[in-house]
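The annotation region 'Disordered' is assigned in TrEMBL to 1-30. The compositional bias 'Pro residues' feature in TrEMBL is assigned to 1-12. Summarising the annotation, TrEMBL assigns active site to His180, Glu284.
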Amino acid sequence: MAGASSPPPTPKSPKLQPPLLERAKGPSGLDKIVLRDPRGFTAEVRLYGGQVTSWKNEQGDELLFVSSKAIFKSPGAIRGGIPICFPQFGTHGNLEKHGFARNRLWLVDDNPPPLPVNSGIKTYADLILKPSEEDLKIWPHRFEFRLRVALGPKGDLFLTSRIRNTNTDGKPFSFTFAYHTYFSVSDISEVRIEGLETMDYFDNLKGKERFTEQGDALVFESEIDKVYLDTPPKIAIIDHEKKRTFVLRKDGLPDAVVWNPWERRSKTILDFGDEEYKHMLCVEPAAVEKPITLKPGEEWKGRLELSAVPSSYYSGQLDPDKVLHG
């Protein structure tokens, strides 16, 4: 009919964005926090162990390795992701291997002390661990361990640990530490590490004997378990087959552990598949050779930043003086 006006178009419902931070339960029932970046990057951190168990890029590719046989329940540790080794790395002390932080239940830290502001980081979770009375029986020191897990604007993953001595008896304590990072790789024989050339290291397969690294980049042909000492703040893990480079930056963590169990040892690890050594590599920022000592009231901070970039973007030599920007 002439002059009739058509009805106004129905307004489209706004597309709901998923929340940047979500608390959920994994298949095993363990609580986890899911971090999401608007561009599609995600990370997951479990309250059990304060452990990052997933880090994905905008294509949904998993960048961390978690074993298909990993056990997501107490009392053991989760095999993969980024276990936190505290207050002891490995067997460098009298506690259970790698300490107890990785198999304790952490709490969400609702009121963390402020960290330096990075305007680019909008998505982060804060956790806290304090010793139980049972913990104090095996390691008689009171502490507050605050952990921040954050996603940067380009999908970088940041972990910041702050450990404070809260002893009331006036006693200092010492500890060793590592972010036991499991990287997902296409084929271990197609991977190399740059940044550890000419470094001294302890070889755990040879009774912790000390050697100096020779040659150029590290490549892998057999089991490796080495603690590199006084390493640079940046290390690159280059995956030729995936054409991907992980860039690891660290602060407060002078050492770097490199581990792959290879074929024979893999068969002896109950929560690890016989062939999974081909698709993982641990490169772990650590403080092992020289334990960290804190007097009551003192705080230590150790930071890790992980980036995953196409290898074509990586020139082979990033600026060694570049500091963490998280």
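Glycine is no exception: its Cβ is also placed from the backbone N, Cα and C atoms.
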| query | What same-chain residues, at least 6 away in sequence, bring their CB to under 8 Å of the CB of Glu284 (active site)? | reply | Cys85, Ala178, Tyr179, His180, Thr181, Ala256, Val257, Val258, Trp259
| query | What is the Cβ neighbour count of His180 (active site) at a 10 Å cut-off, with all protein chains included? | reply | 23
